[in-house]
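According to TrEMBL, the protein has these features:
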DOMAIN    39-127  domain 'PPIase FKBP-type'
DOMAIN    268-358  domain 'PPIase FKBP-type'
REPEAT    425-458  repeat 'TPR'
REPEAT    459-492  repeat 'TPR'
């Protein structure tokens, strides 16, 4: 195919590529002569089928149109080609040979290798990439591609060359010519810059024409108040990847030097790092408060603050990163470990270099004996962490303990099965105790039930589940569990006390109900 992917050379229907790879039949004509262009955000409905007529995917079934950016490699090759030929509202039946669909490998399990696909495609709408916000306030005037394939992601710290020119009122004048550094998606830069850089490659450039309300933005004090039109020429020089590794902005990792390979430490890995801690005050990091070169620890073993455990599991060998820790992920997670010069309420900036690591064995590769030793160790470590207030970390050890024999691939001897069941049950009960401390009674019910499934007469499990039901005002089920526990241990004073407490609560509730209904009937006489 001789550069047929240039939209100017594509037909509107029939054999679009000249090799029979993309056949298009128009089912419903569209409106107008305009067609989408590269970079436009496409809104498409479709139904995809195999040659035998079986449906492999459908936006119609989901009830929601599919959105993608044209020409950015986010869809199969045939889709990119066909979409450029569609008018708004046009519906077409498209047949794609494997080379223009999923090729020799297919897309298991739904699409087999070397599959020819048919799509009924309907172009609902598109948003022009030239009109950044769809309201004419920011228009893309020109663009050069840049090199490579990577683009900055959300939170990336980007450095751009910016030339800002006043266009109106005239005469034209350069307002700024220099570099700007900002974090993507944090509201610290002009919203047009924020959006456009996520679509740019290194050394790519773009010119934006901005009118109210997008003439200026945060920190752009060089734009006079009377200016009504500005041109921003933006060149993406470089960026540092920043990742929200905790998922709640509590642990943010900025890569200073990329690591080697693809492996990262896992839970239980033995790691060696160079590490520096700085206290952050009003968003600014101070001098180095602590420095260890090297520092050796086991991941999730309780030797470091929670955020360090989280961050190193996202690092590669020889990677250097700056990790920003909110206080709850810093020494707020372990106040008893707080070193001099750092308080539990301090946010921290931590520089980490991952020197080496030995991954712990994955659970699927452990023998029965190794799993048994592992669950004993996890339970013991969880208990140790629970006793020093590291509740979240303790829970992670108990969770691993409960999962080790969740899927049993080999028959266990009666003796081993009994021991495994006891250990697994203990981990579930300890998790229930942790969730009780967090006042999460629904989770208490989950883990006490799993313990009772293992041993239906376990008094501790029945008692803890009864207490959870009581806290949730489910008096009937609470009473059932307490009575079952007393059947097993008739003299258990704690269960007796709880049952008596429940009886008083029920009696008080009955009195309140009686009074309520008495008043209701009195009013109706």
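Cβ atoms are placed via backbone N, Cα and C, with glycine included.
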Long-range environment of the repeat 'TPR' (459-492) - Cβ separation under 8 angstroms, sequence gap at least 6: 425, 428-429, 432-433, 436, 439, 441, 444-445, 448-449, 451-452, 498-499, 501-502, 505-506, 509
Beyond the flanks of the repeat 'TPR' (425-458) by 6 or more, those residues with Cβ under 8 Å of it: 375, 378-379, 382-383, 386, 391, 394-395, 398-399, 401-402, 464-465, 467-469, 471-472, 484, 488
Tally of DSSP helical, extended and coil residues in the domain 'PPIase FKBP-type' (268-358): 16 helix, 46 strand, 29 coil
